[in-house]
Amino acid sequence: MTTDTIVAQATAPGRGGVGIIRVSGDLATNVAIAVLGHIPKTRYADYCDFKDEAGEVIDQGIALFFKGPNSFTGEDVLELQGHGGQIVLDMLIKRVMEVDGLRIAKPGEFSEQAFMNDKLDLTQAEAIADLIDATSEQAAKSALNSLQGEFSTQIHDLVEKVTNLRLYVEAAIDFPDEEVDFLSDGKIAASLNGIVGKLDGVQASAKQGSIIREGMKVVIAGRPNAGKSSLLNALAGKESAIVTEIAGTTRDVLREHIHLDGMPLHIIDTAGLRDTVDTVEKIGIERAWDEIKTADRVLFMVDGTTTAAIDPHEIWPDFIDRLPSNLGVTVVRNKADLTGEDLSVTQEAGHSVYRISAKTGLGVEDLKQHLKSLMGYQSNLEGGFIARRRHLEALDLASSHLMLGKEQLEVYQAGELLAEELRMCQMALSEITGKFTSDDLLGKIFSSFCIGK
């Protein structure tokens, strides 16, 4: 970690009512003396002139000084809050840079200083960027929850439980005559099962948080001419796909990225699924299945004029059986304008069934509300936290080590191997908060931040 004193504009570039220059590091007091003529009283707003080297006034505004470690970065911090014209701010940065030993901050470097000085853990630092980039109230609230430590608290709790269990197992190993009794008395198994249950809950919440941040991938799939492209157009609000009465019109994957009340949704229209000898259509169908395998949700599009069935296993058992076991399915019975079906929403064999007319728009709004609900949209904006893909991967890795540990306990009564799996689980979880994290990963994370954060 560098000990350089860094400076950057903390407000967005361009014209604004207020512009803020932030300085962090040991030389912040030197900057204060050079630009202000004095060091402001700690944590007090000091209205004063900002002067150049000749003593001429560049601007007037508020100076704030925070003495480390009681600051955002943990270093001495000086903020100069002046008028928001870009020329004025550039002049002020130029003046600050005349003080020996300063340099311009890299993107995210103020937050990186805070992380390195234990003012934030890595999930909280990432939440700052997520809060800035939030595209909905739900995403903003979830990012704020992460910034305030909701995600971190759950991870720290898991790490503590895993560590305590590991110490208990290692204590049993230290007394080999009693090791088997320790491993078979039920206490370790009960603790391990409790941790597994806790981790499952955190994984579910994290997956929801990832969808709020990154969006949900929804694949529209079904037989040819079921109305898949019409539904894509209805959801997108524009004519993205060509629609004809000819079965097999869509031969490739079509993508649309939309927002429902600010929440990102990635909709994918696919070629109609059927047996075909057409080479191009075959490639399109293969691509459709590739998209289905990585989807968060499948909208199973059914032409309501061809069947009255609502159970997806009855409609097309081969299609349902081929889907990944963990993939959620929503049945969409289309062409309700022709069948005269009631637009009610029902449940069948564990699946939601929607009746719509993609052509006229009947029932599409209800389907949008359903998709918002699946993405975690909450009108009361309570609860939840933001999660990133790296968090999900770390949680999956931790879970796999726990499962291997259970096997070592239940099948082999192997205390040393159980302890090792618990150690690996602990390390995977600790990577989330940054306790065990490579410099390359830190660089990648913080370089995506705004300059000045």
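Each Cβ is built from the backbone N, Cα and C atoms, and glycine gets one as well.
Record features (Swiss-Prot):
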type    : residues                           : note
BINDING : R22, E79, K119, K453               : (6S)-5-formyl-5,6,7,8-tetrahydrofolate binding site
BINDING : 225-230, 244-250, 269-272, 334-337 : GTP binding site
BINDING : N225, T244, I246, T249             : K(+) binding site
BINDING : S229, T250                         : Mg(2+) binding site
DOMAIN  : 215-376                            : domain 'TrmE-type G'
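Everything Swiss-Prot records as a feature, shown here on the structure.
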residue : record                                              : DSSP (3 states)
R22     : (6S)-5-formyl-5,6,7,8-tetrahydrofolate binding site : strand
E79     : (6S)-5-formyl-5,6,7,8-tetrahydrofolate binding site : strand
K119    : (6S)-5-formyl-5,6,7,8-tetrahydrofolate binding site : coil
N225    : GTP binding site                                    : coil
A271    : GTP binding site                                    : coil
K335    : GTP binding site                                    : coil
Inset, instruction - Pick out which of the binding-site residues K119, K228, K335 has the most other Cβ atoms within 10 Å of its own Cβ. - result: K228
Inset, instruction - Compute the C-alpha separation of A271 (GTP binding site) from S229 (Mg(2+) binding site), stating it in Å without decimals. - result: 9
Inset, instruction - Sorry to bug you, but what's the C-alpha spacing from R22 ((6S)-5-formyl-5,6,7,8-tetrahydrofolate binding site) to K228 (GTP binding site), rounded to the closest Å? - result: 52
Inset, instruction - Output the one of N225, S229 that, of all these binding-site residues, has the highest number of other Cβ atoms within 10 Å of its Cβ. - result: S229
Inset, instruction - Restricting to the same chain and to sequence separations of six or more, state which residues have a Cβ under 8 Å from that of E79 ((6S)-5-formyl-5,6,7,8-tetrahydrofolate binding site). - result: A10, I20, I21, R22, V23, A63, L64, F65, F66
Legend entry - Cα-to-Cα gap, N225 (GTP binding site) vs K119 ((6S)-5-formyl-5,6,7,8-tetrahydrofolate binding site), nearest whole Å: 57
Inset, instruction - Provide, as an integer number of angstrom, the distance between the C-alpha atoms of K335 (GTP binding site) and K119 ((6S)-5-formyl-5,6,7,8-tetrahydrofolate binding site). - result: 57
Legend entry - pLDDT averaged over the residues of the domain 'TrmE-type G' (215-376): 89
Legend entry - A271 (GTP binding site) CB neighbourhood, other CB atoms within 10 A: 26
